[in-house]
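Inspection log for the structure reproduced underneath, given as structure tokens.
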Amino acid sequence: MAESKDRPAEAVGSVSGSRNALQPLPGEDDEEPFTTYFDSKIPIPDDETHSCFSFRKLWAFTGPGFLMSIAYLDPGNIESDLQSGAVAGFKLLWVLLLATVIGLLLQRLAARLGVVTGLHLAEVCHRQYRTVPRIILWLMVELAIIGSDMQEVIGSAIAINLLSVGKIPLWGGVLITIADTFVFLFLDKYGLRKLEAFFGFLITIMALTFGYEYVTVRPDQKQLLRGLFVPECRGCGTPQLEQAVGIVGAVIMPHNMYLHSALVKSRQVNRSNPREVRDANKYFFAESCIALFVSFIINVFVVSVFAEAFYGKTNADVHEVCANASSAHAALFPSDNATLEVDIYKGGAVLGCYFGPAALYIWAIGILAAGQSSTMTGTYSGQFVMEGFLNLRWSRFARVLLTRSIAITPTLFVAIFQDVEHLTGMNDFLNVLMSLQLPFALIPVLTFTSLPSVMNDFANGLFWKIGGGAVILLVCSINMYFVVAYVMALNHVGLYVGAAILSVIYLAFVARGCV
């Protein structure tokens, strides 16, 4: 699948001095009137006094990594975090750490592809793959983007409902997300740095709100550190194993590879100068490390809050506390001895019952920031993917209108005709959907970054080829287990047969992609 369409790829001219089909033509970046994010490029200052590492240069490269890290903080990740804490306590924090490190290594590959070639992953796919597999690959990635978009709409709608004390119904919150996305999307017209600063502001809101919950609950630091650095799970059963798999599926997002490889194009890098390319790779990786460290800390806040306060609790325990607090959310929890099950809506309600209304509202603000920021980056991902795979230039308005409509229609239907439990329950299905799409991002990015014809001197060495292949095989296997566990839980013979047939087709196509 990773063969050139009609012509062999030569060495990339940006590094070797000769031009090939992968290298953008002169002025190509300027002839994209409808593209997002690249109306201007950030110049990189020369810093001769600090040849090894310059904080001035690091600041100039800072931005794309933080936008990329927002995918690690979307409502789907927050829900996975709180469920991990409630189901397994602190025991799965090491899985979160491992998944974040794996995600960092994969993001490094995506960023290097964009820096070295001057093209993002979707554009390289357009040049390397034949028409039929390219279209199928595009559809798979679009499914992942739409699935992620639906999670973000759900998260924003729930946050708005909580903040309005139920006065704005869930379907109203879904509709509001249409308007606010259009408003925020045009912020880049005020300058690239201002847009990146706005995303930084949203990340700060998440850090402050979830950090407030962390300080309020005061988790056991010894248990937290043990959970982070001791890879074990004593007394764990099937629910904890499935939750561990769910953590990996929630953290590593397929469309994020396409997004990150495009965002790095926003810096002025002379690709004919190998030293500048090496510098760009170094500083982008350093920035990604910082950004994902921040996102990891925020995720740890959420896991720790629910591990400390709600691990081992039953519905009856929570119902009693909510009833004593005269909370309207007491009805969410039946008076039985079943283990407490939480989602982003119930999570806010439980925090409000135990720690007061302030905890509930601050939780909702954090969820709203997560939903809004990830909605915007998801829209950028969709723009890059469509432009790259199809060489199609759509205005941002048309692109957002299409993806918003597709994402909102089923979400709005569930919000109107079902309750909040069904709405939040869609997250499980959407996580399965995105897990299925993961190979369609990871295999291309490893393949292309390993090809000297694409990356020249910056192609992956043997260590990265073997290590990257092993990591991708591990991640895809974990995600397939998650999919199988989800289908088995549905407990319907017809669904088993349908899933088996689809699995054969799916695995055949994935195997074709490895050839």
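All positions are counted from 1 along the displayed chain.
Using the three backbone atoms N, Cα and C, a Cβ is placed for every residue, glycine included.
The feature region 'Disordered' is assigned by TrEMBL to 1-31.
Residues annotated as transmembrane segment in TrEMBL: 85-106 (among others). With a cut-off of 8 Å between Cβ atoms, the residues of this chain six or more beyond the transmembrane segment (85-106) that come close are 72, 219-220, 223-224, 226-234, 236, 239-240, 243-244, 247-248, 251-252, 257, 288-289, 292, 295-296, 299-300, 302-308, 310-313, 339-342, 442, 445, 468, 471-472, 475.
According to TrEMBL, the feature transmembrane segment maps to 168-186 (among others).
Residues or ranges marked as transmembrane segment in TrEMBL: 198-215 (among others).
Residues or ranges marked as transmembrane segment in TrEMBL: 284-307 (among others).
Among the features that TrEMBL reports, transmembrane segment is placed at 349-370 (among others).
Residues or ranges marked as transmembrane segment in TrEMBL: 397-417 (among others).
Sequence annotations record features per position, and here TrEMBL assigns transmembrane segment to 429-451 (among others).
Per TrEMBL, the feature transmembrane segment maps to 463-487 (among others).
Here TrEMBL flags 493-511 (among others) as transmembrane segment.
Cβ atoms under 8 Å from those of the transmembrane segment (198-215) belong to residues 66-67, 69-70, 73, 184, 187, 294-295, 297-298, 301-302, 304-305, 351, 355, 359, 362-363, 365-366, 369-370, 372-373, 376-377 of the same chain, restricted to positions at least 6 beyond its ends. Packing against the transmembrane segment (284-307) from elsewhere in the chain are residues 58, 61-66, 68-70, 72-73, 77-78, 81-86, 88-90, 92-93, 96-97, 100, 103-104, 107-108, 111, 115, 203, 206-207, 210-211, 213-214, 217, 219, 223-224, 227-228, 260, 264, 342, 347, 351: each is 6 or more residues past its ends and has a CB under 8 Å from a CB in it.
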